[in-house]
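Feature list (source: Swiss-Prot):
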- 148, 151, 201, 204: Zn(2+) 1 binding site (BINDING)
- 165, 168, 187, 190: Zn(2+) 2 binding site (BINDING)
- 7-72: domain 'J' (DOMAIN)
- 148-155: repeat 'CXXCXGXG motif' (REPEAT)
- 165-172: repeat 'CXXCXGXG motif' (REPEAT)
- 187-194: repeat 'CXXCXGXG motif' (REPEAT)
- 201-208: repeat 'CXXCXGXG motif' (REPEAT)
- 135-213: zinc finger (ZN_FING)
């Protein structure tokens with residue numbers, strides 16, 4: 001009986017004053033949630049889905065909605081002139097349009113040729129920091145699927161052709177009626193290709209593709225960083241049955257370097273210097289990324305951790321004329337395995353040292369003295 005039916009507005013979870021846009025939005029949301037394909041094996045979902053569609057079919061139509069608002073479900077019972085909510089071809093079209101949008105099926109209509117784009121491929125390549133600095137052209141070999149030459153990618157034996165699928169008429173999809181609504185599904189006979197290959201090509205067993213080793217040249221520009229991706233258009237898997245090929249993506253990683261650490265376009269290195277050089281000052285040579293050398297001047301009294309900037313000796317910036325800098329951090333080495341004479345000289349040096357020659361140490365021990373002195377005076 002009509003009295004047992006749930007209110008259409010409640011079914012769509014909208015107010016009675018809802019406009020067309022609100023109705024459509026509510027329908028999309030609920031249809032997505034309760035669609036049978038998203039709830040396989042759940043009979044209650046199918047019932048709920050039918051209720052949602054019935055409610056939307058009535059409320060989206062101005063005349064039917066007016067009749068429903070006045071008479072309720074009785075408006076569509078026999079004797080009221082409605083003959084039921086009237087789910088016909090118009091509903092199937094509306095339903096199909098909405099679900100093509102929801103499930104991404106719009107582009108699959110009439111595909112009929114069975115052509116599919118080839119898959120994209122990934123290739124991981126490790127390069128050196130020097131390669132990233134100078135740039136290079138590398139040769140790589142990769143196994144890829146290419147179009148079968150025996151059948152020209154059709155998948156059919158030479159001298160034969162694929163036949164149009166009789167089940168779907170070449171569309172690749174079939175419509176299935178379920179009660180008052182229609183669902184569009186992949187054709188079970190041709191698996192969506194739209195064609196049937198009765199006599200497959202022996203070289204590719206009907207796939208239209210074979211695997212071969214391919215040698216490719218990869219141009220690595222200056223300034224690439226760890227994780228840089230290079231795209232080679234059309235060098236991926238061959239398309240299925242004449243479809244376009246996919247792309248090949250080269251993912252670069254930089255090997256660790258024995259001397260330099262990279263930070264964007266800047267390079268960093270750590271160089272040990274002698275205690276004498278640090279105390280008296282001097283200079284030392286450091287290597288550069290272009291396999292040259294440059295001199296660094298060290299002022300007297302240099303401490304461990306001090307950094308020196310060498311402008312323009314870093315990495316080039318990708319697709320730019322800019323170049324980073326190199327930063328050299330010094331580490332003052334404490335001498336080991338001293339001779340007796342060296343020990344005596346250092347001991348003599350220590351006796352002659354004062355706060356002026358070791359300001360940081362003098363300042364620290366002064367603070368220590370003050371600290372213990374203040375504790376001694378505390379009652």
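Each residue, glycine too, has its Cβ placed from N, Cα and C.
Feature map: annotations from Swiss-Prot on the structure.
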{"residue": "148", "record": "Zn(2+) 1 binding site", "DSSP class": "coil"}
{"residue": "165", "record": "Zn(2+) 2 binding site", "DSSP class": "coil"}
{"residue": "187", "record": "Zn(2+) 2 binding site", "DSSP class": "coil"}
{"residue": "201", "record": "Zn(2+) 1 binding site", "DSSP class": "coil"}
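When Cβ neighbours within 10 Å are tallied across all protein chains shown, the highest count among the binding-site residues 148, 151, 168, 187, 201 belongs to 151.
Counting Cβ pairs closer than 8 Å and at least 6 residues apart in sequence, the repeat 'CXXCXGXG motif' (165-172) and the repeat 'CXXCXGXG motif' (187-194) reach three or more and so form a contact. Looking only at other Cβ atoms within 10 Å, the busiest spot among the binding-site residues 165, 190, 204 turns out to be 190.
Apart from the site residues 148, 151, 201, 204, the chain places the Cβ of 149, 150, 152, 153, 154, 155, 156, 157, 200, 202, 203, 205, 206, 207, 208, 209, 210 no farther than 8 Å from the centroid of the site's Cβ atoms, the recorded Zn(2+) 1 location. Within 8 Å of the centroid of the Cβ atoms of 165, 168, 187, 190, where the record puts Zn(2+) 2, the same chain has further Cβ atoms from 166, 167, 169, 170, 171, 172, 173, 174, 188, 189, 191, 192, 193, 194, 195, 196. Residue 168 (Zn(2+) 2 binding site) sits 23 Å from residue 201 (Zn(2+) 1 binding site), taking the Cα positions as reference.
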